[in-house]
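Annotation comment: TrEMBL describes B:5-227 as domain 'Aspartate/glutamate/uridylate kinase'. Sequence annotations record features per position, and here TrEMBL assigns ATP binding site to B:K7, B:F8, B:G9, B:G10, B:T172, B:D173, B:Y178, B:R183. As annotated by TrEMBL, substrate binding site applies to B:T47, B:E74. According to TrEMBL, the feature domain 'Aspartokinase ACT' maps to B:340-398.
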2 protein chains.
Amino acid sequence: MENSVLKFGGTSVGDFDKIREIAVSLRDRAILGEKLIVVVSAMGGTTDELLSNVKSLSPAPKDDHIALLVTTGEQQTISYLSIVLENLGVKTKAMTGFQAGIKTFGSHMKSRISGVDKACLLSALQENDVLVVAGFQGVNEQNEITALGRGGSDTTAVAIAASCGMPCEIYTDVDGVYATDPRVYEQAKRIYSISYDEMMEMSALGAGVLETRSIEIAKNHSIPLYLGKTLSEEEGTWIMQETKVLERKAVIGAALDEDIIHATIFEPRAESTLIFDLFKKFDEESINVDMISQMSGSKGFQLSFTVKDAESVRLDQIFAETRLFHPDMSLTMETGYCKVSIIGSGMRDMSGVASTAFMALNDSGIRFYQTTTSEISISYVVDKEHGKGAVESLAAAFDL
Amino acid sequence: MENSVLKFGGTSVGDFDKIREIAVSLRDRAILGEKLIVVVSAMGGTTDELLSNVKSLSPAPKDDHIALLVTTGEQQTISYLSIVLENLGVKTKAMTGFQAGIKTFGSHMKSRISGVDKACLLSALQENDVLVVAGFQGVNEQNEITALGRGGSDTTAVAIAASCGMPCEIYTDVDGVYATDPRVYEQAKRIYSISYDEMMEMSALGAGVLETRSIEIAKNHSIPLYLGKTLSEEEGTWIMQETKVLERKAVIGAALDEDIIHATIFEPRAESTLIFDLFKKFDEESINVDMISQMSGSKGFQLSFTVKDAESVRLDQIFAETRLFHPDMSLTMETGYCKVSIIGSGMRDMSGVASTAFMALNDSGIRFYQTTTSEISISYVVDKEHGKGAVESLAAAFDL
């Protein structure tokens, strides 16, 4: 019987009834001889309550003290779940981040995992049926408790799975990965297996079910990742090595990223430092620039890219500063666009994907302003009001 | 400027307003150049709330899981207090039990401290004005989080003070140690300085302000202990080496222990194993037997002792079992008594204490049924209705 890592998020452990139901399902697996490492978040609402207390105490609290406070949330969940499991006759050990040897680096409220104490976990698992580990937390080199950044508990689970060489099942309130967002395209099909690269591309392009970082760790250690709905009989999605995905399709999914700005810059010079000057500032301001197309010729230098709508003010400021050194730069910056993408590792060796996609958009009378491609994806900038229609026609064309 | 360890209990940090007030008082001391290690308990009520959750989840939860849960209470207090202190401009580091290197042994909910990481604390204190340490908790050799037994946070504070060689100030809702309980004798005087031995004797004899264990640690390391009221201007009590106590009195205090059983056993044999058989059982049942008087002669063997009223059922059972092997044992077991004690290390070298005490009781017409003495105390068994009168006459005789 294989050992597994399971992760349950905050809503899955939102109250004691839910904790009891999860405990019963874990007991049923333990009875069959499985050994499980279960990663849990703070009970839904706990973290917000603690943070609101902090707000009442200080206008500018320090991150290390906040991290120390909020991590009590997961410590309480692991205690409660362990108490219920033991009551069901399951031999259980609860472990905080420091006890499980989750080593972190970086800022206290957005730390990243540098290592996991595999020996400690495996030896504890030998003596117990279930280990319950606090997600979202670890200790840094100074022995200070830190909270992980976005997707925290997922990363804890995947890092433990990678380190111990176990598959990792992540349970949330969605029942798997869909070929495209069912809110955009009702007939969207669920994907039962997908490769790491495709899933990373889908996450990066807006299908935000899992943080890219978690998928990357799983890929690097060839750990199968499962994504499914908590306590559901429905089959979710396995994310795995490309060669193990049985059903190969040229295009596996489509993603829609709404509310983007499309900017085009032109400078009438053959040799320009504009691109360096701009991207240095983007980098300093941590602005995420996407869909970069660049052309230069004898007439000058042209650059198109997209950013999220929310960045418009900071972008204005950067352009104003840049214009001081590039006075003859001309600029169009337009809102009201969205980005539609198709993803599939089959694109690598199946021909005709691009032409099928262009044709589908054309047949629906949807105009696209810019196109970029990666090895396993194609993205189009279209008018915002055509975003949904574009996804529908692409999903129909590729049977998503 | 001397460094100090301070301890605030659960009611002292019962709400955010109180935490703010304590933070201001710490800030005021830090401004004067003091470096402080502050030990705090869980906010009043928190532990009870967590334990009631446990009760709803399992009829027989395991101690290690309960300890893991309740220790989140102190972790939250240290976070909150540190956030407020930083907001007041005080450089603060918060430390849980494991971070402060509080090593423990024994059962998870009643563990004892085996050591403290002095180097870690002192180096953290160099870089900060105030260290805020979670009381009541530590980690055992298996790296498991444990809660300390009775008087937990006091022990944490005293153990840190002893290890770092600093005086220890313990703040509660009483304003010091009184010569006798002011609820029994209204005119009772506060004691401003008392020796370790006297304080231990007073604690053991029923003046339950501090656990004997804490005083013992302080004594072994010659650490001055202060006991005072939180945020009060009133001077409390210093507990210190006998040679440093300025005001020497023959008797420093009187204690009243109500609701005791007085038992007398007789066996008409010159050589009896009764005492061994009985005390073996007392020991097995962890029954605390007090005021033991034993006489034996040609007529037989006689033993008197007292126990708390609450033990009467278990005592009955032990006597019934013992009688099987000692059929001619006769027994009187009477309730309705109390124990009155006077304490003072001056008894060692000041004469006339016993006679003054006997006289005082006699003058008040109070009959006593048994008397025992230790090096620095005398205890009397009197009728329950005379307990208060006995304390009053002794307090008046010794100017307490």
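For all residues, glycine too, the Cβ spot is worked out from N, Cα and C.
Features as recorded by TrEMBL, highlighted on the structure.
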| residue | record | DSSP (3 states) |
| --- | --- | --- |
| B:K7 | ATP binding site | strand |
| B:T47 | substrate binding site | helix |
| B:E74 | substrate binding site | helix |
| B:T172 | ATP binding site | strand |
| B:Y178 | ATP binding site | strand |
| B:R183 | ATP binding site | coil |
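By a simple count of nearby Cβ atoms, those within 10 Å, the most crowded of the binding-site residues B:E74, B:D173 is B:E74. Long-range Cβ proximity for B:F8 (ATP binding site), meaning a same-chain Cβ under 8 A and a gap of 6 or more residues, is found for B:I22, B:V38, B:V39, B:V40, B:S41, B:Y171, B:T230. Same-chain residues at least 6 positions away in sequence with a Cβ under 8 Å from that of B:K7 (ATP binding site) are, in sequence order, B:V38, B:V39, B:V40, B:G135, B:S153, B:D154, B:T156, B:A157, B:C168, B:E169, B:I170, B:Y171. Per-residue pLDDT, averaged over the domain 'Aspartate/glutamate/uridylate kinase' (B:5-227), rounds to 93. Put simply, B:E74 (substrate binding site) is 16 Å from B:T172 (ATP binding site) when counted between their Cα atoms. In this structure, B:R183 is the one among the binding-site residues B:G9, B:T47, B:T172, B:Y178, B:R183 with the smallest number of other Cβ atoms inside 10 Å of its Cβ. Taking the Cα atom of each, B:T47 (substrate binding site) and B:D173 (ATP binding site) are about 18 angstrom apart. On a Cα basis, B:E74 (substrate binding site) lies 32 Å away from B:R183 (ATP binding site). Sequence-distant contacts (6 or more apart, same chain, Cβ under 8 Å) of B:G10 (ATP binding site) comprise B:S41, B:A42, B:M43, B:G44, B:G45, B:T46, B:T47.
Distances between the Cα of B:E74 (substrate binding site) and those of the binding-site residues B:G9, B:D173, B:Y178 are shortest for B:G9.
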